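All remarks here apply to the structure that follows.
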Amino acid sequence: GVPCLCDSDGPNVRGNTLSGTYWLAGCPSGWHNCKSSGPLIGACCKQ
């Protein structure tokens, strides 16, 4: 998957670890959305 920025990673991509994974169809089973204001399509999820 594509790495994405969780809320816990910091305010922006610069200098922060991207600990989430971007899923186009939403978070798979056992994962949770880790970004409150995500893109309109897909979700930034964490295991």
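Start at 1 and count along the chain as shown; that gives each residue its number.
Glycine is treated like the rest: Cβ placed from N, Cα and C.
Among the features that Swiss-Prot reports, disulfide bond is placed at Cys4-Cys44 (among others), with the record citing similarity to another entry. Around the Cβ of Cys4 (disulfide bond), a 10 Å sphere holds 22 further Cβ atoms from the protein chains shown. Mapped onto three states, the DSSP output places Cys4 (disulfide bond) in strand.
Sequence-distant contacts of Cys34 (disulfide bond), defined as residues of its own chain at least six apart whose C-beta falls under 8 angstroms from its C-beta, comprise Cys6, Asp7, Ser8, Ser19, Gly20, Cys44, Cys45, Lys46. Taken from Swiss-Prot, the feature disulfide bond applies to Cys6-Cys34 (among others).
Around Cys27 (disulfide bond), the same-chain residues six or more apart in sequence whose CB sits under 8 Å from its CB are Asn33, Ala43, Cys45, listed in sequence order. Among the features that Swiss-Prot reports, disulfide bond is placed at Cys27-Cys45 (among others), with the record citing similarity to another entry.
Neighbour counts were taken at the CB atom with a 10 A radius for the disulfide-bonded residues Cys6, Cys44; the maximum falls on Cys44.
When Cβ atoms from all protein chains are considered, those within 10 Å of Cys45 (disulfide bond) total 22, not counting its own.
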